[in-house]
Ligand SMILES: [Zn+2]
């Protein structure tokens with residue numbers, strides 16, 4: 001509108017521009033129609049509106065760390081579950097941190113169950129840096145984007161599971177396998193008091209879970225991303241010691257010199273790993289990443305630091321992320337021999353170190369190939385829902401999936417958001433309402449396929465025997 005008004009003041013230019021506008025707007029119209037044909041096509045206008053408004057309602061509950069309003073979130077989700085006649089239970093594996101577990105019993109109780117996991121907490125937001133307040137769940141009418149903290153990570157997924165069940169219920173679907181939905185607290189602060197304690201509980205063991213779906217990442221392209229493993233955090237502190245000395249004196253073996261030699265070695269290693277990513281040889285999740293997170297040295301003075309003294313101690317903190325199939329022994333050797341050699345008066349300590357192996361000593365990954373029936377079902381279900389999966393990836397950071405994978409349970413990280421910039425933990429996090437609706441259809445297809453699968457469970461049983 002604005003554009004054609006402006007153009008009318010340039011009569012000579014009007015015709016070609018009008019033609020251009022006509023062409024481009026008809027192209028846009030065609031694009032919009034074909035997109036609509038794919039997105040949320042099976043929703044009536046009223047259903048779509050109701051689903052979107054339930055999503056907004058969930059987004060408006062401020063469950064941001066460090067003081068998440070879990071009680072309101074659980075109340076809201078439980079009401080949703082009641083409306084769908086799902087069984088519900090609340091567990092507090094840690095006081096004040098409720099975990100809501102929903103259950104739709106399957107027709108064949110001997111089959112292993114399907115678990116749909118999502119976390120209810122979100123990271124904090126800085127309201128002043130947002131176009132819309134982060135807990136308003138404002139829907140931009142011109143784009144259909146819904147702005148809210150948690151719109152991508154991962155309240156979308158939690159409610160999409162529920163909406164998919166709503167549609168399956170309406171279609172009189174009866175699952176063969178029991179379907180569980182877990183809404184877990186605390187993922188954003190490590191998950192130990194949420195999914196961690198849950199997966200270790202007796203309750204969880206009794207659920208006989210055969211496969212888990214959990215969060216993934218948005219994809220700016222047409223294809224949906226899926227994750228079959230994740231890198232393990234190794235948080236390393238390296239300390240150097242050396243003789244203190246006058247700031248004017250050149251001598252060997254000072255703590256700072258010792259530390260800087262290590263930092264140089266770390267940087268060379270980092271660059272080599274990064275080069276593999278830049279050259280397209282490996283994906284981000286397939287290399288060992290190392291980043292310097294702090295440097296600590298110097299002798300404090302009332303005005304800052306003593307400037308004519310070389311300190312006797314210095315340390316550096318590193319955030320290392322290790323892929324599940326990395327040669328961890330070689331990495332440990334590198335740390336001991338190259339990054340923190342005792343010959344240079346250096347020591348090291350892990351502040352946090354997650355094993356890349358599961359409890360059975362195997363790399364904690366879920367097979368994403370024909371050897372895994374769940375993978376084949378996932379691929380097939382995606383096709384049925386007109387969605388395309390991209391090449392399976394290793395998640396670059398950590399999610400709750402690790403608590404399930406470490407117990408040998410297959411888990412896929414998957415958040416159905418295509419054509420969406422990755423904004424998790426960023427300002428102006430949003431999800432388009434059509435993408436949201438399309439994601440519900442995708443889950444509908446996946447849940448249907450998984451819950452109807454009666455294939456043999458020998459692999460699961462033999463795993464239990466191991
Ligand atoms: Zn998340």
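Every residue, even glycine, has its Cβ placed from backbone N, Cα and C.
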Listed in TrEMBL for the Zn(2+) 1 site shared with 119, 153, one of 57, 202, 215, 222: 215
Zn(2+) 2 site partner of 153, 425 (as recorded in TrEMBL), chosen from 188, 380, 393: 188
Residue with minimal Cβ packing [other Cβ atoms within 10 Å] among the binding-site residues 153, 215: 215
Residue 187 (active site, proton acceptor) versus residue 119 (Zn(2+) 1 binding site) - Cα distance in angstrom: 6
Spatial neighbours of residue 425 (Zn(2+) 2 binding site) that are distant in sequence (at least 6 apart) but have CB under 8 A: 123, 153
Annotated recorded positions 121, 188, 425, filtered by Cβ under 6 Å to ligand 1: none
C-alpha spacing of residue 121 (active site) relative to residue 188 (Zn(2+) 2 binding site), in angstrom: 7
Between residue 121 (active site) and residue 187 (active site, proton acceptor): CA-CA distance (Å): 7
Surrounding CB atoms that lie within 10 Å of the CB of residue 121 (active site), all protein chains: 25
